[in-house]
């Protein structure tokens, strides 16, 4: 158990950091000032988890009760602000870690919701929200329709990872293996969507 | 009491379903993918109630603690996605049920807030939020100013229904009659606004 | 202590009122109807404090548990709606009181978070959110990128006031003097930014 906990904890920090980078990068692109960039970094990194914690009644939320997420987000935001050109060149590794962060957040979020006694369909939804919530608010704060609602298999990948946890927990499989499987499935779907253009259908609309 | 509880419960399901339809319809119109449509359906259906529950400290909120709203919203979203043409033709019945859902959500939300010991002015506001919250977020997520802030007597109808509950509760009238009166008043105002163009004044502004 | 409590309470009411005015003024400018104007007034006045209270688990939030903020916001909204021309001419005093409200909200919010046992970095962030949250939602509801993310030393002034409280509390200085110092620093920074155009750096971006 111990090594897995360490692994998940490490991935959680990586996820926080990478999500903060994606928020900060959008802030720089929109020519926000340093403070706006840091806010976007922090909000993108923690909003999903905070939403989940509030909905299951776990207050103060983890990233309010400790200062670690804040520190990580500030460091990420400062780096992006200072080396904004570099981020463009690092697009590919960023997307890879973003997929990892998505999987970790979705899996850990689902487990936390199940532990709080939430029914499994909503636990999966809460896990998904943990993964995609930050990006949604990042987009709302920059006045655009959240990307996650329009394109790619982003949220669906998070949901798939969440469902692995739900099923594994129901069947009683060892939680370590379940968590790693969920993260791997989420990353696989997300990276396939990125590199092979997998997409969900769009309704034919008379508009 | 028993038949009224059943009636309110039935109307609550209808309200959830119709609100989900309105969210899904907007998602299809904006050419979101299937997942985006389902998210908008769910968020529109439950956001108002979730906001109310969080504000009165009732966590996990009703639609997180059970999977019924989620299931209803998914069904509604799938129907809209598959038969998006049909929705346009059903505009009138949809608006009618939407008015019914608005009234039910506002009345039930006010009652729940009063039961939680909230003062009456804020209980009425929380009831109104239960009714209009979903539509507001639906609009924010599609990057437009919430319709409810700009036009029609939508929120005011919800507030009127909520105030009926507040008054009825203060005077000690039988809750069944009060609830039905509140719902009826809300529906009446909303339908009048729709069919006769009733509107609130707009301030003259130098802009 | 007693006179300071009275002072902070008075400033809190002034802050609520002025924030409500700024929300209502934007609603009138966007040609919202009377109801939309009142909603924007209320949301701008209370959203920051409500967010803080939810995050520290203080439910129902202060402005839900009492009707005072609601009443103040409605009065402010009605005044702005009726005398919208006047507001333009009062721009300067409004900005002055807005700076005062910002300082009061930030200082009181930080103190409340510390009292709830939150770690100091996040307590300062929660204080800042108390000050800037309302304006952010006001901007999101009118479909624009929150001003606070783009310009002026608005949020930074709130954060500076919050940090004064954090430091003062750690060192054990008398809370009255600390609160007044925090408010004064916040107002000073904000007014300097307004009248001398102080700004934070913006990253050079390849866009």
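Including glycine, each Cβ sits where the backbone N, Cα and C put it.
Annotated features in TrEMBL:
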TRANSMEM  C:6-28  transmembrane segment
DOMAIN    C:10-83  domain 'Glycine transporter'
TRANSMEM  C:35-59  transmembrane segment
TRANSMEM  C:65-83  transmembrane segment
TRANSMEM  C:95-114  transmembrane segment
DOMAIN    C:96-167  domain 'Glycine transporter'
TRANSMEM  C:120-141  transmembrane segment
TRANSMEM  C:153-171  transmembrane segment
TRANSMEM  C:177-195  transmembrane segment
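Of the ranges C:35-59, C:65-83, C:95-114, C:153-171, C:177-195, the one with the most Cβ pairs under 8 Å to the transmembrane segment (C:120-141) is C:35-59. Beyond the transmembrane segment (C:177-195), the same-chain residues lying 6 or more positions past its ends with a Cβ under 8 Å from any Cβ of the stretch are 4, 7-8, 11, 95-96, 99-100, 102-104, 106-108, 110-111, 131, 152-154, 156-158, 160-162, 164-165, 168-169. In this chain, the transmembrane segment (C:6-28) lies in contact with the transmembrane segment (C:65-83); the count of Cβ pairs under 8 Å, excluding pairs fewer than 6 apart in sequence, is at least 3.
Looking just at the domain 'Glycine transporter' (C:10-83), the mean pLDDT is 89.
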